Number of protein chains: 2
Amino acid sequence: MSAESRFLTLLRLLANDPAAQGLADDVAILPVGDTRLILTSDTMVEGVHYLPTDPPADIGWKLAAVNLSDLAAKGAKPVGCLLNYALSGDDAWDEAFIAGLGEALDRHAMPLLGGDTVKMPTGSARSYSLTAIGEATGAVPTRSGAQPGDRLYLSGPVGDAGIGLVLASADAAASGPLVEAYRRPRPRLAEGALLAPHATAMMDVSDGLLIDASRMGQASGVAITIDHIPLSPALERVRGASTAVQIAAARAGDDYELLFTMPRGLTPPVRAIPVGHVAAGSGLTLIIDGAVIPLPDSLGWEHG
Amino acid sequence: MSAESRFLTLLRLLANDPAAQGLADDVAILPVGDTRLILTSDTMVEGVHYLPTDPPADIGWKLAAVNLSDLAAKGAKPVGCLLNYALSGDDAWDEAFIAGLGEALDRHAMPLLGGDTVKMPTGSARSYSLTAIGEATGAVPTRSGAQPGDRLYLSGPVGDAGIGLVLASADAAASGPLVEAYRRPRPRLAEGALLAPHATAMMDVSDGLLIDASRMGQASGVAITIDHIPLSPALERVRGASTAVQIAAARAGDDYELLFTMPRGLTPPVRAIPVGHVAAGSGLTLIIDGAVIPLPDSLGWEHG
């Protein structure tokens, strides 16, 4: 067994409660009285999950947004959150971070409930964690419910954030819709709540369409075919829409659109772009402009 | 306004829900249906909250214990937790950390529900956060309920962990009850649950008896006098019981005993050491061997 899977096995031994779902989903589902709480936590590390040159307000926004996106994928309503904050030693930077975090929390009605603030030793990369609590609004879709015959949808185009990261890496002062997509992702809470009663499976695309669709297929025990990679006009303007650009967009992370399946014949109750379908079997197939494309070696962002 | 208080003011603006208690307590109290959840989160940073030479299993244990101690101070029953883990790059180290964390979680029936695992850039201090969820078992004492006339109690002696830290800093291979007190604190969950219905105020002593008693007094709007500093036999054996040793013990952090007040005439339902009393007014008075002692400049561990 590899060290990584030994580590995960050890964690799963501690996750001996049905609420943990075997740590196989992005969230825990905790029954409390008549309701179910949705629990999720994400950490962002300087130089790993964001650029040290990113504006602090955007880093704060993003920390909230990535956690809210996990709630969105469960159709959950935000209840509150706890913040673990590492002071930067630069007061203006810290205040801008909290202002950006606060914008995202206010926008999505998620109060801060508590947390911890620490100082890091000089020279250390800083990291921030947010633990978000949501409340189920009804059905809670998992990533494992996709059925043969289902259609696969995205709530919006992919690839913008990936190009935005490239642009921001080259020039910290870069701006525009692609950089905005990377720095200020929009959690699809309203869409998630409307989709939850109808989706057979749902998750947010945080690591890339190909890898996340592949995970959905594996968890559901089905084969998934992607036959359309939706690109935004902003991305097409900058990069075109060649096969290479489409593959790059399908491997790029950080878009936070919802990926979901619904039975054929049902119409999604929100804007949704058909991107493929589900069949019996296993594995991921990628079709671009009618031709089957060999899958790239890396399907997206693999977590450490 | 200082930068630190500006930062806290910004955080409090986001804590616009009664559950957050204005971020003035160690925990949030979230009503869900007929019950109340107790939420707390603590971060431990390498070189700040533990020694890089501390055994990883002990660091893992302690991360669980400090969060469980916050639940204990509310008389809460553990429900579950989320872990934010920074991989060390040393698989055996990571596995030992999780084993120690797991020991503490198992011992206190707190399942792991989720979290996030990240990689840090090489050379960075690592940090770990745990967010713990408990359920109120009845009354939830705050730190602000101490009343004039109350007696002040501790659930056990203080100062052991502080000396344990000194010993472990000098020699990573040091062992014995004082090092054990520093590395493997025992959250007082059973005591907390028994005390919660009776205590007028309660908190855990994480930063030092003097500073934590001072905070209780301030939050309650009362004057607190400490007239006894209980030392363990193990500490007296190593350091004696001079006035200086008693003051050092009262300033030392990391003991995680419960500090609580009860009306005069009531007998605590658990082992409890009377350490002082509450009066109308404000401020902290320290009496050792019958003499009022000037308070030291620093009362304990001040968080960043």
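Placement of Cβ uses the backbone N, Cα and C atoms for every residue, glycine included.
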Candidate from A:ASP25, A:ASP26, A:ASP116, A:ASP254 that TrEMBL assigns to the same Mg(2+) 3 site as A:ASP70, A:ASP204: A:ASP26
Binding-site residues among A:SER41, A:GLY115, A:ASP116, A:ASP204, A:ASP254 whose Cβ lies under 8 Å from any chain B Cβ: A:SER41, A:GLY115, A:ASP116
Conformational class of A:TRP301 (substrate binding site) under the three-state DSSP mapping: coil
Nearest of the binding-site residues (A:HIS49, A:ARG143, A:TRP301) to A:ASP42 (Mg(2+) 1 binding site), judged by Cα-Cα distance: A:HIS49
A:ASP26 (Mg(2+) 3 binding site) and A:ARG143 (ATP binding site), distance between Cα atoms, whole Å: 9
Length of the line joining the Cα atoms of A:ASP70 (Mg(2+) 3 binding site) and A:TRP301 (substrate binding site), in Å: 17
Listed in sequence order, residues not in A:ASP26, A:ASP70, A:ASP204 with Cβ within 8 Å of the centre of the Mg(2+) 3 site Cβ atoms: A:VAL27, A:THR40, A:VAL66, A:SER69, A:LEU71, A:ALA72, A:ALA73, A:LYS74, A:MET203, A:SER206
The domain 'PurM-like N-terminal' (A:25-135), counted residue by residue under DSSP: helix, strand, coil: 34 helix, 47 strand, 30 coil
